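> Heads up, here are the entries from Swiss-Prot:
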{"type": "BINDING", "residues": "GLY92, GLY94, ARG95, LYS114, ASP126, GLY127, ARG177, ARG184, ASP266", "note": "ATP binding site"}
{"type": "ACT_SITE", "residues": "ASP256", "note": "active site, proton acceptor"}
{"type": "BINDING", "residues": "ASN257, ASP266", "note": "Mg(2+) binding site"}
Amino acid sequence: MMLSKLDALTLDNSFAALPDTFYTRLAAQPLGRPRLLHANAEAAALIGLDPAELHTQAFLEVASGQRPLPGGDTLAAVYSGHQFGVWAGQLGDGRAHLLGEVRGPGGSWELQLKGAGLTPYSRMGDGRAVLRSSVREYLASEAMHGLGIPTTRALALVVSDDPVMRETRETAAIVTRMSPSFVRFGSFEHWSSRRDGERLRILADYVIDRFYPQCREANGEHGDVLALLREVSQRTAHLMADWQSVGFCHGVMNTDNMSILGLTLDYGPFGFMDAFQLGHVCNHSDSEGRYAWNRQPSVALWNLYRLGGSLHGLVPDADALRGVLAEYETLFTQAFHARMGAKLGLSVWQSDDEALLDDLLRLMHDSRADFTLTFRALAQAVRGQTQPFLDYFIDREAAQAWWSRLAARHACDGRAAAVRAEGMDRVNPLYVLRNHLAEQAIRAAQQGDASEIDRLLGLLRRPYDLQPGAEAYAALPPDWAAGLSVSCSS
């Protein structure tokens, strides 16, 4: 594979070719005395960028907002949305600057600086991102990719001593993040709320032609738009099944944080569950628990209805739109059962397996069992070592009775225990980005030390593989981790 220097990348800038009502062209506001804290060679390969370029002064200048991407077209996009279930009106990229779109071996990727200064859409914000939240986003996007879950990616993390005020004084940072597109549900809501059918159609055509060309083959009047909604609904359903299956909580599933491509987008107050609780809320700011773990699939459907309502300006037949969205629950349930069945070591999901899963989750809830390690221990039990699994439960007799039910189910499945256990280890991760692991990386980064970021990325790229010397990263959280909380402050 031929890798390029920064000024030789192939750029497309398709979003910038839309009418200028979709964005504002502007220059980034550079960080003072920026330093490259970490760069991601794996992400660089996607756009054909030579990893050596990541450590050049030219790249630092681009990643810190000092100069535009060669051949790029820097802009901030406008969108609207519902936040915590309430219409928030116009929003937009309040601190993100889209540098351009690069075509490389891994497809087309938009490059965006998050934390690069004020835009016309900043509202009450300062246009900056703090080091704390930037480290979390940088790590989380790569952790999700390692888990096989659709996500934006992270290319680089640049830091500065520039002060930023949140609850306390912090320092500024910029994440260079990558996505095939940053178009959101809220991008459609924006034009729908203005009853601007012309621009709504332009946006729909852009998304269809760029990302869902198969929708053009749909039959019937407005078939392409209905097919678009169906594709987005299907991808969203599968994304929710992915999240639920690894105990991931997004924390702020507003419609402006929902990707039109079904990607995990905008890592803020997210969290991977430690002690399992059905109604676990990872965002300290979510006082009503709207975005609790067990509500995420239904919130996603609520958000899809907001998207469907926006498309009503293009599809007058509301029943047709509702008919598409009526498919979501079946899509999600099938995807969720497939993932959870694999985690339980089942080749095919049967109707009785619903009770088996529900009973396990209830036992885990009652014991506050660790989500990741409890599921991981199931493969050990299949290999004949049941005690590690049972030790996660307060009521071990009930856990033993449950295990006996699963073992009986396995006996009807026909696979050898070793094959079954190996398959379970491939879908039950050993390493996830727990809050305390991210916090340790943040504390080191605040001292200019990126070694913990580097260590975590190495582990999280292979989350299903046992890695020697990494026992501490696969252990229960230390007691001090109970005091950690995350919020919308970033």
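Start at 1 and count along the chain as shown; that gives each residue its number.
From the backbone N, Cα and C atoms, a Cβ is placed for every residue, glycine too.
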> Tell me the Cα distance separating GLY92 (ATP binding site) from ASP256 (active site, proton acceptor), rounded to the nearest angstrom.
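For ASP256 (active site, proton acceptor) versus GLY92 (ATP binding site), the Cα atoms are 8 Å apart.
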> Rounded to an integer, what is the Cα-Cα distance in Å between ASP126 (ATP binding site) and ASN257 (Mg(2+) binding site)?
19
> Between ARG95, ARG177, which of the binding-site residues has the fewest other CB atoms within 10 angstroms in the structure shown?
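Selected from the binding-site residues ARG95, ARG177 on minimum Cβ neighbours within 10 Å: ARG95.
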> Out of ASP126, ASP256, ASP266, which of these recorded positions shows the lowest number of other CB atoms within 10 Å of its CB?
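It is ASP126 that, of the recorded positions ASP126, ASP256, ASP266, has the fewest other Cβ atoms within 10 Å.
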> Quick one: largest C-alpha distance among GLY92, GLY94, ARG95, LYS114, ASP126, GLY127, ARG177, ARG184, ASP266, binding ATP per the record, in angstrom?
22
> Using DSSP with the three-state reduction, classify ARG177 (ATP binding site) as helix, strand or coil.
strand
> Let me know how many other Cβ atoms fall within 10 Å of the Cβ of ASN257 (Mg(2+) binding site).
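Its Cβ has 21 other Cβ atoms within 10 Å.
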> Do any residues at least six apart in sequence from GLY92 (ATP binding site), in the same chain, have a Cβ closer than 8 Å to its Cβ, and if so which, in order?
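Correct list: ALA76, ALA77, VAL78, TYR79, THR119, PRO120, TYR121.
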> To the nearest whole angstrom, what is the C-alpha distance linking ASP266 (ATP binding site) and ASN257 (Mg(2+) binding site)?
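Checking the Cα atoms of ASP266 (ATP binding site) and ASN257 (Mg(2+) binding site) gives a distance of 6 Å.
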